[in-house]
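As written in TrEMBL, here are the features:
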- 269-279: compositional bias 'Low complexity' (COMPBIAS)
- 128-195: domain 'Ig-like' (DOMAIN)
- 263-291: region 'Disordered' (REGION)
- 1-31: signal peptide (SIGNAL)
- 218-243: transmembrane segment (TRANSMEM)
Amino acid sequence: MMMMMMKTEMAAVFVNTLLLLCCCFITSTVSQENVYAAAGEDVTLRLKNKLDSSERLYWKHNGTQIALMKSGRVVIGVDEGLGTDGSLTLRDLKKGSVEVYTSQIFKGGNLEHENTFIVRVLDKVQKPTLVATCEKHTETFKCQVPQAEGLTIAWLQDEKPLKETGPTLTRDPKKLTAESSFKCNVSNHISFEISQPVKKTCPVPDPPATKELFGFDFWTMVGILAGGGGLVLLLIIVTIVLCTRARRRRHNRLKAEGRGELEMAWSNQQQQQQQQQYQPARHGGPGLKAS
Ligand SMILES: *[C@@H]1O[C@H](CO)[C@@H](O)[C@H](O)[C@H]1NC(C)=O
Ligand SMILES: *[C@@H]1O[C@H](CO)[C@@H](O)[C@H](O)[C@H]1NC(C)=O
């Protein structure tokens, strides 16, 4: 008995599961999406599924039925913008409005597809003005738009996108060349506008490498001066050395001459002395007598 009951229970569960699965397949597909439209322009809402002549199509606006197609023909809604393919064209959209449109496709009595479109009507963005200022040695770019709500701001440096977002961009002016140009790209869901390119405004002193001295490049001038100075110094040293050598040579020569004269003088004296010694000996002079 117990076994039998369990078996029937299991069978019931199985059948229920199967039914649920079948229901899932039968159940209509449902979707919802946002549609952004420009104020004053038309927008066409297209069906997600191809409509066949055995199906009925209803369009609802804010829950109220506005169009009907059946057997492949438009029954109601030509004025509402219903097309022969089942799409709905909305005209003369008012800025700022949010409207809900739903398409429903029935086959027999069953709802097969239900697609909801939330239509938001936006203004196109206006061209932004980009202003660069130098604030506390920082280059500051401000992207100005008349009405900034719901807008996305992106930045471009030399046509390449930057990762920054937001209305203000700051940069170290030392890291920018005079040619670096910036733009801001302002967008919403339906349009975008890019500002005029703007360059840096912070005055940056030229690095020493590009400084000029007497019209020459700074470092070239330093090189020339250093080279010239070196040459002058070399000349001075050479002159000193030459002078010293010349003086020493003259000194030596004088010394040598002096010594020669002395020697000559000395030998003369000796000769004279010898002559004086011999003379008295030969002539019996008073010199010898005295000694
Ligand atoms: C439709 O509903 C939205 C809010 O869901 C409302 O803002 C809009 O004015 C409604 N449109 C009409 C025509 O009633
Ligand atoms: C500006 O932004 C829009 C929206 O994000 C984008 O489609 C467009 O390519 C951007 N333009 C440039 C030049 O980056």
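Here, residue 1 is simply the first one shown, and the rest follow in order.
The backbone N, Cα and C atoms fix where each Cβ goes, and this holds for glycine too.
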Segment-level pLDDT (mean, integer) for the domain 'Ig-like' (128-195): 94
Which residue counts does DSSP give the domain 'Ig-like' (128-195) for helix, strand and coil? 3 helix, 40 strand, 25 coil
